[in-house]
Amino acid sequence: MHLLNKLVLFFHVGTVVLAVPFRGELKEREEQLLDTYEYVIVGGGSSGLAVANRLSENPKHTVLVIEAGLVDQHEDNVLLQRYLGGTMGSKYDWNVTTVPQTHLADRVQKLPIGKVFGGSSVLNGMMFDRGSPADYDLWEELGNKGWNFKELLPYFKKSENFTIPSTKQVEEFGITWDPSVHGFDGYINSGFPNFIYPQNKNFQTAMNNMGIPTSKDMGGNALNHYWSPNSIEPTTQTRSYARRYYDLIQPRPNLHAITSRQVTKLLTKETSTGIQVIGVEFAESKEASRKSVIANCEVILAAGAVHTPQILQLSGIGEKALLKRLGLPVLIDLPGVGQNYQDHPFASMKLNLANVEHSPIDLEKNATYDAEMKALFYSSREGPWTAGSPNAVAFLPFSTFSNRSAEFLAAYAAQSPDAYLRPGLDAKVIAGHNAQRKLLLAALSTPKVATMEFIFLSGASRFIQTPLSISLQHSFSRGYIEINSTDPFTAPIIDFRTGSNPVDLDIYVEALKFCRKIVATDAIQILQPTELAPGPLTQTDGDLRTFVENTVSTMFHPSGTASMMKREWGGVVDDRLKVYGTTNLRIVDASIQPLIPATHLQATIYAVAEKAADIIKADQS
């Protein structure tokens with residue numbers, strides 16, 4: 001049944017909240033909302049909908065999902081790779097920005113995050129890859145039992161419905177795969193688009209000729225060059241996203257969803273064993289009256305790495321000094337809430353390619369060609385309209401792209417534990433960062449963990465003159481999310497603090513120099529490239545560093561702000577995802593990731609959510 005036939009809308013009648021089911025059109029029938037639910041999930045995005053699906057498999061468990069955003073209407077800019085990125089800045093985006101970035105020429109940066117049923121899976125670039133096994137093993141090395149690649153792999157597979165490459169794709173591009181690391185009956189489709197730009201092959205050849213091998217399958221060895229699938233439905237060639245966790249199940253009377261309602265705070269009471277979250281307060285807008293719903297069993301935060309810490313802080317869970325400064329009650333002093341923000345900063349080398357048979361630029365600049373390709377897409381689901389994010393990528397260890405890796409890692413190791421961190425950080429947060437840095441130093445000194453992603457965007461839709469981009473996978477800088485108001489409808493302070501640790505900028509300079517080596521290979525030279533930026537006059541390390549400071553942005557992978565670490569290390573949740581000091585509050589979104597993995601985060605978020613659902617079921621059985 002279509003999502004809109006199943007969504008439960010809520011109307012305010014006096015102080016009673018009534019539920020009216022949609023069945024294709026709005027009916028006049030009204031049904032009263034349940035007074036209580038076993039589980040209340042805050043956030044109807046990638047993690048929230050996955051967990052809601054799994055918890056509601058038991059018909060005895062009532063589940064409510066509260067989503068701040070709208071329900072998409074299957075618009076072209078949502079579904080089609082031709083319009084990839086078209087939902088960023090739209091009504092489906094929270095449209096938040098950072099404070100001026102001190103180390104990036106004081107530039108304010110946008111952070112696209114989904115305010116829509118399905119969350120950021122409606123906005124993202126549809127890349128469906130994973131980190132290397134060692135990336136996830138680091139989580140367990142931080143003290144989180146059971147959080148390693150081996151134990152996450154079943155959940156990667158559980159969420160996935162993989163379509164193997166076609167004979168044509170195998171013959172033309174040499175794409176290989178390992179069925180043992182994929183799932184074939186999960187909710188999220190993954191696979192390769194029917195059209196892959198030929199330039200992807202040039203990039204693969206360049207990598208191979210530089211001595212960088214192609215991994216058989218990123219699902220089990222996401223290092224070096226590899227072919228990355230997209231989250232794409234094989235028949236329609238459209239976006240496969242978190243709504244499928246809701247759309248594809250039979251109507252469940254025990255699963256309700258409410259949209260366009262923002263959770264304003266958690267409702268709590270003190271018990272002898274800790275703070276119990278008894279429900280949540282929510283509202284349609286700042287001016288609307290506040291409503292509440294009770295949770296008999298658990299409240300589950302899935303609001304994302306920006307809004308989960310905001311909700312915690314508004315509810316009196318966070319750094320004591322911050323809460324007191326804003327006049328909020330201090331229910332639990334957890335200084336790590338909102339700290340440890342990590343992302344994948346992103347920079348690009350702009351090139352003009354004079355000798356390409358097919359280019360995304362043609363769709364943007366040639367209306368006749370674009371119309372022909374549109375007709376081809378709708379008649380056969382073939383052609384460039386099916387292409388989106390690049391499928392040929394490279395995730396490289398530090399020593400692979402720089403002969404100075406040992407030098408820069410030594411410089412990082414020589415720093416004091418609190419060097420370049422935010423001033424005034426609690427000692428527990430500093431201790432946690434020190435634990436992370438020891439693990440990162442060891443991991444990045446090996447070929448088992450990638451430091452930088454190299455992306456050949458000439459083989460992707462909607463990217464003009466930005467064919468070769470780089471993204472730092474393990475930044476040494478740390479940002480934060482922090483409320484500056486007790487108004488839940490005021491966005492929190494978002495500070496990436498990108499480049500605050502100077503070693504990050506050193507690594508970018510090395511990566512840009514490696515980009516030029518890639519461009520110099522015969523495989524790329526045949527495309528007749530001309531470097532537009534940084535440009536041939538930008539040669540010194542200092543000039544390249546300035547270029548990075550003036551151009552780097554975000555890959556839109558916010559994470560880490562409610563980290564799964566020891567409480568004495570500034571952690572917010574334990575390895576059962578329960579918030580320290582509470583009896584029944586869990587977090588299941590990207591904010592729990594203590595160290596961001598070297599990958600696009602979509603598949604990881606689904607896997608964590610699937611594992612989280614099993615943890616919750618086990619703890620309640």
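Cβ atoms are placed via backbone N, Cα and C, with glycine included.
Copied over from TrEMBL, here are the features:
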- 1-19: signal peptide (SIGNAL)
- V116, V263: FAD binding site (BINDING)
- 304-318: domain 'Glucose-methanol-choline oxidoreductase N-terminal' (DOMAIN)
- H557: active site, proton donor (ACT_SITE)
- H600: active site, proton acceptor (ACT_SITE)
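Structure with TrEMBL features highlighted.
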residue: V116; record: FAD binding site; contacts (Cβ under 8 Å, 6+ apart): E67, G69, L70, V71, D72, T87, Y92, V122, L123
residue: V263; record: FAD binding site; contacts (Cβ under 8 Å, 6+ apart): V42, I66, A68, V280, E281, F282, A303, I311, P488
residue: H557; record: active site, proton donor; contacts (Cβ under 8 Å, 6+ apart): D343, H344, A590, I596, H600, L601
(request) Could you put numbers on the helix, strand and coil content of the domain 'Glucose-methanol-choline oxidoreductase N-terminal' (304-318), residue by residue per DSSP? (result) 11 helix, 2 strand, 2 coil
(message) Averaging the per-residue pLDDT over the domain 'Glucose-methanol-choline oxidoreductase N-terminal' (304-318), what integer do you get?
(response) 99
(request) Kindly assign H600 (active site, proton acceptor) to one of the three DSSP-derived states: helix, strand or coil. (result) coil
(request) Would you count the other CB atoms within 10 A of the CB of H600 (active site, proton acceptor), including those on all shown protein chains? (result) 27
